[in-house]
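**Student:** Below is one structure. I have some questions about it.
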Amino acid sequence: MSWSILEFLRKNPEELKNNLKRRAIDVSLVDKAVELDKKWRQVLQEVERLRHQHNVLSSQIPKLSGEERKKKIEESKNLLKILEDKEKELEKIEVERDRLLSSLPNLVADDVPNGPDDSYNIPIKFWGKFKVYEGDVEEFLRQTKDANVNYEIIKWKPKGHAEMLEDVLHLGNTLKAAEIAGSRFYYLFNDIVWLDFALLLFAIDYITQQGYTLVLPPYMLRGEVIQSVIDLDTFKDAIYKIENEDLYLIATAEHSIAAMFFKEEIEKDKLPLKFAGISPAFRKEAGAANKDLKGIFRVHQFHKVEQFIFSTPEDSWKYHAELITNAESIFQQLELPYRIVNIASGDLGACAAKKFDLEVWMPAQAKFREMVSCSNCTDWQAFRMKIRYVDRKNNKRGYVHTLNSTAIASTRTITAILENYQREDGVVEVPKVLRKYLEIFPKAPKDYIYPLKNKII
């Protein structure tokens, strides 16, 4: 086992403890892992000594005869039994140690802000022209302090996306969906459905033009696999499990794509491998409590296009920058104003060494909301899934690095369009970049989405 965290455990456990402190996690986990690894190495020495003794004994037996031969054969059998018991003990300790190591989060990158929660996240970039209601200017300036941002003041108060969707456009119904399925479900109709499809087509069109292979992945994964992709103990309240089946619904195509090379080796000269996955995403949102109960911002199901890269360790930071650049290009083409946030250590999640969020300005809410999450997971997932690269020229093996980023999460992006592209009369302009994906369908909206006079249901 050659994961970097084991090397840290042996050479610099204090640095590993500091990593856990940065994440606001109990450092005693490191002490337990150190003790298990120490015990493992002690038992390994005993196993190797016993193997050597058994090999020496086995080599002597063919040269012997009579009672001495019988005596040595019996001695060999007894020694083999002791060896087998020690090997079982070694395996048991190794499993326990590796289970504990697998529960530890990734090593935080040096340039990640320190802090226990999202209040320590640091905005590092702003893009676009922000529409700000005159009553929200002070709050907007507070959220963009020390940044040179371009904004326009509007005198009318934009309506929230939930009100636009259900009460103005009459193109959605969450109340009926809640009646038959529970909260955080929805019915969407006509132009909003077309908008959903257009966003997905635009995202996969753009990302595949950047050299990514399009993937339609499995929507479910076995328990062993999903546990390797994410920290399932932490996220068990976020992932749906199929009753009486060892299957879990994916929360993003990242999960299935990450597992594409489960327990396999990849030739180093084939890296990087870049994929664009399109799939539904299923999320319990159990930890969301009473957040975003109205509308379609935080829901149990939505469509998503995901970027994913398998990389060599030396190139992974380059590809992390590429992923967020791709995401920025998508939202720039949509002309949705946003900021990029460097996520604090305590808000990262176990998988990521570093994460950027892209947050779009929502003028009705007077706040920035997350649309994209872009992570470098280094070798955390690869270690757990046993995905290695093979460098045959240098006779070397190592764990690949895995990286992921949202391209489009459809419902969230629709909320951003409804708030940023609405007019005072309730009409919503269709972003120009999406229009070519709609023009081929006679019933799809072309330039504008107009309010219906009556509700569909």
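From the backbone N, Cα and C atoms, a Cβ is placed for every residue, glycine too.
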**Student:** Suppose a student reads Swiss-Prot and sees THR252, ALA253, GLU254, THR406 listed for L-serine. Which of GLU306, GLU314, GLU322 should they find annotated at that same site?
**Tutor:** GLU306
**Student:** I need the CA-to-CA distance for LYS284 (ATP binding site) versus THR252 (L-serine binding site), whole Å please.
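**Tutor:** About 13 Å separate the Cα atoms of these two residues.
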**Student:** Let me make sure I understand the structure: which of the binding-site residues listed (THR252, SER373, THR406) has the fewest other Cβ atoms within 10 A of its Cβ?
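**Tutor:** Fewest other Cβ atoms within 10 Å, among the binding-site residues THR252, SER373, THR406, is found for SER373.
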**Student:** Can you tell me the CA-to-CA distance separating VAL299 (ATP binding site) and THR406 (L-serine binding site), as a whole number of Å?
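**Tutor:** With the alpha carbons as reference points, the distance is 16 Å.
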**Student:** With an 8 Å cut-off on Cβ-Cβ distance and a minimum sequence separation of at least 6, pull the same-chain contacts of VAL372 (ATP binding site), or say none.
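**Tutor:** In sequence order, ILE324, ALA327, PHE331, PHE356, ASP357, LEU358, SER405, THR406, ALA407, ALA409 meet the Cβ cut-off.
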**Student:** Just jot down the residues in the same chain as GLU306 (L-serine binding site), at least 6 apart in sequence, with C-beta under 8 A of its C-beta; none if empty.
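**Tutor:** Within the chain, GLU306 (L-serine binding site) has Cβ neighbours under 8 Å at THR252, ALA253, GLU254, ILE257, ALA276, GLY277, ILE278, SER279, ASN404, SER405, THR406, ALA407.
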**Student:** Helix, strand or coil for GLU306 (L-serine binding site)? Use DSSP.
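**Tutor:** Its secondary structure by DSSP: strand.
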